[in-house]
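What follows is a set of notes on a single structure, which appears directly below.
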Amino acid sequence: MNQVDYLRISLVDRCNFRCQYCMPEQAKLEFLAQSEVLTGDEILTLVRDVFLPLGFTRFRLTGGEPLVRPDVVEIVGKIAALPQVQDLSMTTNAYLLTELAEDLYAAGLRRINISLDSLIPAVFDQIVGTQGRTRWQQVWEGIQAAYRVGFDPLKLNVVVIPGVNDQEVPDLAALSLDRHWHIRFIEFMPIGNAHLFHHKGWIPSEELRQRIRDRWGLTEGYVRGNGPADVFQIPGAKGTLGFISQMSECFCDRCNRVRLSADGWLRPCLLNETGQIDLKTGLRDNVPIEELRERVRQLLLLKPEINYKGRDSGTAGAEYHRTMSQIGG
């Protein structure tokens, strides 16, 4: 088991998209009231006084969509200023990134992952939900803005949905040819989208690699980061390709992260709804910080047993009742 030193912090459960795999339009969601969401100061307290003393050095801000939170730049600046923080990154849909990229970079953010599930605007809108207007062009402009500002590495996340965008995999891989972009293909997961998952299933990463291999060739590669991706490269390309195979190639033994939801629940495993602890209530009830730190330490000791290992079938096993946006992907 790897040392657990990586915390993913969900800043908000809301999003300006309704992606099929994260916040399906069919899902009847009850969003958190503002009073239920961790404040910026509470997040800073947990990072500084609970997680850093336990050996956490790497942090990623997620959602929902983190950029819809008004104080996102301030939160980035406060965490980035902590001397023990070795790496601070963010996952975003980039819809608001054009106007925020420079401020985020100036605040100390250096790495960013952007969701880009299709190069075809109509398919992209089918996946993310239009809410009355197309979204692709503004996302593409946000990606370009992040590239100009200097985020490095700049990673593009592609959730591969059979029959929807899987035919685009070679074209998406080609984005790595002429730019230092890192394209990551993620197997479709059964998180709050059972109606889609049972119908469509998932495509193993090895099959995706073979499609790229047939068109471009493929060699092993490397890119800086904290994730479980297996990294490859098209020969001669400036960027790389990553494959996150949580369904077909279990990587529980390599897991180095825990997740903090927007309402303060610490979750040791994305695919297991047991073993969570409520840190927000402890903070607001003035539980001594040493006690909160000990609760987290004890949870980390249990993490190897909590990690979900039943990925033999996409339709077998537990039902996942919370959406990815509620968990904090």
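Any Cβ shown, glycine's included, is placed from N, Cα and C.
The S-adenosyl-L-methionine site in Swiss-Prot is built from GLY64, SER115, MET189 plus one of TYR6, TYR21, namely TYR21. Binding residues for GTP (ARG8, ARG60, THR91, LYS155, ARG257, VAL258, ARG259) extend across at most 21 Å, taking the greatest CA-CA distance.
A 10 Å cutoff on Cβ-Cβ distances gives GLY64 (S-adenosyl-L-methionine binding site) a total of 29 other Cβ atoms nearby, all chains included. Sparsest Cβ environment among the binding-site residues CYS15, CYS19, CYS252, VAL258 (other Cβ atoms counted within 10 Å): CYS252. Put simply, SER115 (S-adenosyl-L-methionine binding site) is 8 Å from THR91 (GTP binding site) when counted between their Cα atoms.
Mean predicted confidence for the domain 'Radical SAM core' (1-229): the pLDDT average there is 91. The most densely surrounded of the binding-site residues CYS22, CYS255, judged by C-beta neighbours within 10 angstroms, is CYS22.
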